């Protein structure tokens, strides 16, 4: 960045904004880079502004019971704000004085006032000086409030971010991500945009009072007729505005529906193509678009009438003000022109300035109140620690995630004690306790000495993560004691990577120690991964580490925790994404050796981890099921596997199903009907069994902490309701059985217990901030970020950036301390930061874009021609009247004086004929604005153009190859369908209409003035040329600055979301100050771009006005010096010239707006022009009897006989397959060759990132591939993509459930009847799940099927494949994150429904590979081995190294057969425990 010229600018340079000329010159000559932007001043830095406001806010909190944020803002910014308001008022006063001088000039040409003729030139000078003074006052008065608004936004941005880092986890659960982003973007932007208008709330009434006083002097009481009309008009416009808001609110819901489906489509575009759902998704979205456009047109029509009302109102205001006075007393022409000028100013004040100011204050105060309530939310409280403590002790700890429950717990306990209830009534307290909701942890006690390893195990939802949160202080205990030193390091279950280098992610602000760093890298198995990068550990990682595999992210997160020198290490399931071999090595070298003398708490379910732990804590339903050593566990709890795995009471509400992991913890006990408990003397807490998504969560972020909340309660078995019995009374074999019988399969499968009306798009619960932090690893690794080999895509809630400035800020981390960040930002870093965000769109919209836009719809050309014809007709009428006036003027010359002397009659001389002509021009202007036959067709047609462009872009994206889509960000694609389509629908049609309307008004007025005074035309030509050149000069720079500003806005929100994802990690490491500094850096960079844009815009606006002032001076003196007796001509000229001033400036601004909005059109065209996937010939489908497509596919191919059904057997032959993610990228698979027999099951083996999932994508032709694949003798080059992909059934890692009914999700094309769908649902074990929802198959799923578990979603994919009658099934780690019961259901379905199909399985679990006949081992992107299990186990191979001796025995055929012999119950229990727990990851 460069030093700002503003620092050394003179007072005149600041007044005229001349200091911006260097950047304007550079932007005109070349493309601007971030390095060209100027540094901000210290007064605009986020550090200073936030410190200033934070100091005043703290003062407000300390001094008052009811603190007001507006008081803190007032003390910071009020006096400067009022100073600019006074300047603005003085500028507006000059507008009221100008008509007085105009009236005196017109009066000086009256034949009866020849004495004043000599002072006309001085009056003209005075009028010109007023325009000059107004120009000098107005622009600083507008720029100042904009600047103050920017500073207020920066200060409140920082205050909100700091508060976010301090919020308690309970509060974070109540705030949705959308609400938080909206609080920062939508609300705070109001200060930037509207603060300049805020002063008109008091300026406009004063101005109206002054103007009415002057009009009273001219017209007396009749002046109030015009004012009354303006008030009525303002009320009419308010009514139109209310109607428009009604349509927009209705439309917003429809837009939300469309964008939900569109975002799901974009996020899962790979699955859409794999399922061949392009046409179905396109039809679904287009249907929603049709409904949306109906409301769009209504809103546009209302807004059009609202805009037109302003223009035609001028004529009626003048008529209503002048006509009563003229009829009663007669009127002089001087008064008419003066009244016209007054009414123009009065109309602006009443119908525009005052309503806008009121709206600005309403929005701003509403935003301030929202922020004020947010700043008073409950904060995270740091626990008190004893640094000398060497042990970790927890005594009888109970905790609730819901804040109010802890208080209720204490109150209920006190009530029981006061009543002195007997032992037989002790259940009373626990009955009330269950009504309050289940505590997440109950009566937990343990003690571990320094250097010991505590293994924490339990089923899903048992409270393992909550235990760690309580140790960290994120969860406050309701009762009990926690004791440790406070020096904690934490590794989250969900890998969190901050933008920056690998080294910075591991060091994370801790002092750098070379030996320790290298030891940690080695222990976490990162040496090999780092060596593959050219920059080694200095490679910059994007937000979320999207360029890394899940295993790499997990190891970096673990390395960060281990690198910190702490007393206590909390490791929350750190091995979830690691293959067996890597996990084993890291556990031995890192957890057991490197940290041997440290206290460790490890959340795990691996048997070998439990064996090596010093102490074991098994949690079940939040209670301590067991605490002790492993030997004690075997002897005391022989059934511990059922609690560890959750076989008996598996909680189906897994992480994917929960909208918030905290609120879901409460849904454990069932209440029949309503129940209530004592809250206090006046309040009752009601617990109603409502649907989880039955009621929309309020949009306001202000959910009171103590407010009454409704939540769903899940029904549980009697075993769970009655406590934690050691024996449920069931036979032991039944409780440990994993594989259900066919007839009982659905009964054993855990059911969903959410009973509610089908959720709608509007009714869905928003994702909470805490859910973002506790998102499952599936969602974290796959749902939002999809890894590619050489490119990245990401989905975000806000405007997108790639590696963002935060990457650069993180690089500034000092080796000694993370708080010292360099102020300088390297130009190379900036280019790297934004390399993917700089659009390849010209800085100024090309004429080709305009031409292409106009020709999208043929009707648009005819509408534009019609507009031109109407305008030419109006101009012709004006010129005819003008010619008649010139011909009649000499004949009426003798009557002029006579008519003028009659003061009681309306003048009817040739002079008044000019007045009649001017009225005609006014009528023409009104017709021009009102013209239904021109304006409405234009707006209607432009919306139709938007409809066509959306349809073409949607089709293009769906048909684009994945190699192209892999180079784009998902957020960028979504912005085209949201932001750019909104521009085409809302802003562009009316902006184009306004521009055409204003341009024609200016041309007509200039034509009239030029005909009256031809000399004025000579002055008009250079002015128009100057306007065109100045506009072109400014546009080159302004559009680039706007683009840079947009790019600079993304890192602010990216950093916010990144901080929220890793908030627990930040707090554990104490890195909040460092991240606050990074946030301020992001704010400062955005401020530099935004302030420069505001300054250059003001430079341009001031130059426009200066040019016009020169033009007006020329017009004034030409009129005064060349006009003879008769006041009509000079009155028309000067009045029109004053009107041209504002209209022409408005027209130029509209042209800039059109050019800016047309960039959205350019971006849409860029997407429309994307290449389509190759479509081969020779495709046909056999029609069924009812005319629909057949369920089987008929291939016309030289290798297959006519009418043969393909595929028939599922034989696959792969020859020399090479795959790339993007064109020109590195090969991710090389020379893969093998063959699969029909019906064979093949397992894919390899370490994380070896290319197993990539191979499955290559089979579906979702990558750039070379080589050949044949299925049943048919080559993939000889048939279409659709035909090829329909041969495969797919169960991906990331399951695609779009917002729609069960029926639509299973059969989007509507090819199958209900009977067939129910049959398949029963086969895969889904029928009982679907039947419990209202509407059954018509139940609407939202949020990716959040009411379903991950297992249910996998079954949905399985059902799709069964319906599609696929002969080849591709499974990409289907057992990842599944509960054991659902996994066994999937295994059973695979055996039955796909018994004669070819199955290709990618898995980490050894158990999942039991039924594979052959194994394909992939290493370093190549096939290393392809053989049977016996051969692989008999030689040295990656597969042999990856499994334990016990697993090898399990995989051998004789071992499998020997397992069938009868065993005693205890022996069976012990062996099954070791086998199942060994490979289960929770």
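Please read every residue number as a count from 1 along the shown chain.
For all residues, glycine too, the Cβ spot is worked out from N, Cα and C.
The feature topological domain 'Extracellular' is assigned by Swiss-Prot to 99-122 (among others).
The feature topological domain 'Extracellular' is assigned by Swiss-Prot to 217-222 (among others), with similarity to another entry given as support. Tertiary proximity for the topological domain 'Extracellular' (217-222) is limited to same-chain residues at least six positions away from its ends with a CB under 8 Å from its CB atoms, namely 321-325, 328, 335, 338-339, 342.
The topological domain 'Extracellular' feature in Swiss-Prot is assigned to 320-339 (among others); the stated evidence is similarity to another entry. Across the topological domain 'Extracellular' (320-339), DSSP classifies residues as 17 helix, 0 strand, 3 coil.
Per Swiss-Prot, ATP 1 binding site is recorded for 401, 434, 458, 459, 460, 461, 462, 463, 464, 465, 493. Using a 10 Å Cβ-Cβ cutoff, residue 458 (ATP 1 binding site) registers 26 neighbours.
According to Swiss-Prot, the feature S-palmitoyl cysteine maps to 524 (among others). Residue 524 (S-palmitoyl cysteine) falls within neither a helix nor a strand when secondary structure is assigned with DSSP, and so counts as coil.
Cβ neighbour count for residue 549 (phosphoserine): 18 (other Cβ atoms within 10 Å of its Cβ, all protein chains included). According to its DSSP assignment, residue 549 (phosphoserine) is coil. Sequence annotations record features per position, and here Swiss-Prot assigns phosphoserine to 549 (among others).
Residues annotated as phosphoserine in Swiss-Prot: 660 (among others).
Among the features that Swiss-Prot reports, phosphoserine is placed at 670 (among others).
The feature phosphoserine is assigned by Swiss-Prot to 686 (among others), with similarity to another entry given as support.
What Swiss-Prot lists as ubiquitin cross-link is 688.
The phosphoserine annotation in Swiss-Prot covers 700 (among others), and the record cites similarity to another entry as its basis.
Taken from Swiss-Prot, the feature phosphoserine applies to 712 (among others), supported by similarity to another entry.
Residues or ranges marked as phosphothreonine in Swiss-Prot: 717.
Residues or ranges marked as phosphoserine in Swiss-Prot (evidence: similarity to another entry): 737 (among others).
The annotation phosphoserine is assigned in Swiss-Prot to 768 (among others).
If you look up Swiss-Prot, you'll see 791 (among others) marked as phosphoserine.
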Whole-number mean of pLDDT values that fall within the topological domain 'Extracellular' (1118-1131): 71
Between residue 524 (S-palmitoyl cysteine) and residue 458 (ATP 1 binding site): CA-CA distance (Å): 25
Length of the line joining the Cα atoms of residue 1397 (S-palmitoyl cysteine) and residue 462 (ATP 1 binding site), in Å: 39
Local backbone state of residue 458 (ATP 1 binding site), from DSSP in three classes: strand
C-alpha spacing of residue 462 (ATP 1 binding site) relative to residue 549 (phosphoserine), in angstrom: 28
Least buried by Cβ count (within 10 Å) of the recorded positions 401, 462, 1397: 1397
DSSP three-state assignment for residue 464 (ATP 1 binding site): helix
Those residues of the chain, 6+ apart, with a Cβ under 8 Å from that of residue 464 (ATP 1 binding site): 456, 457, 458, 572, 573, 603, 619
The topological domain 'Extracellular' (217-222): DSSP-derived helix, strand, coil residue counts: 6 helix, 0 strand, 0 coil
Residue pair residue 524 (S-palmitoyl cysteine), residue 493 (ATP 1 binding site) - Cα distance, angstrom, rounded: 16
Local backbone state of residue 493 (ATP 1 binding site), from DSSP in three classes: coil
